[in-house]
Amino acid sequence: MAATKEAKQPKEPKKRTTRRKKDPNAPKRGLSAYMFFANENRDIVRSENPDVTFGQVGRILGERWKALTAEEKQPYESKAQADKKRYESEKELYNATRA
């Protein structure tokens, strides 16, 4: 019975790939509408619930974000659009100076 099964070959160790380091002068990515909402409301949630953990704060913020109507989300969406335009213009300038 042992003769019919092949002996296991030792596996070759996987090579670790190293990530390329980010350029510290590269422009920061634009924030999403949710991130603008979370940054604005995080302290409010913490003051209302002083005993919750970091993860629970995020969960509460997520629930509040889902409960917002499209009209209530609009100010955050417009901030996200403006930040996206800022990022794109900074990225174009950055790429032009790199090339």
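Including glycine, each Cβ sits where the backbone N, Cα and C put it.
Source: prediction; values computed, not measured.
If you check Swiss-Prot, you get these features:
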- 27-95: DNA-binding region (DNA_BIND)
- 1-12: compositional bias 'Basic and acidic residues' (COMPBIAS)
- 13-22: compositional bias 'Basic residues' (COMPBIAS)
- 69-93: compositional bias 'Basic and acidic residues' (COMPBIAS)
- 1-31: region 'Disordered' (REGION)
- 69-99: region 'Disordered' (REGION)
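Per-residue confidence over the DNA-binding region (27-95) averages 97 (mean pLDDT, predicted model). Residue counts of the compositional bias 'Basic residues' (13-22) by helix, strand and coil are 0 helix, 0 strand, 10 coil (DSSP-based).
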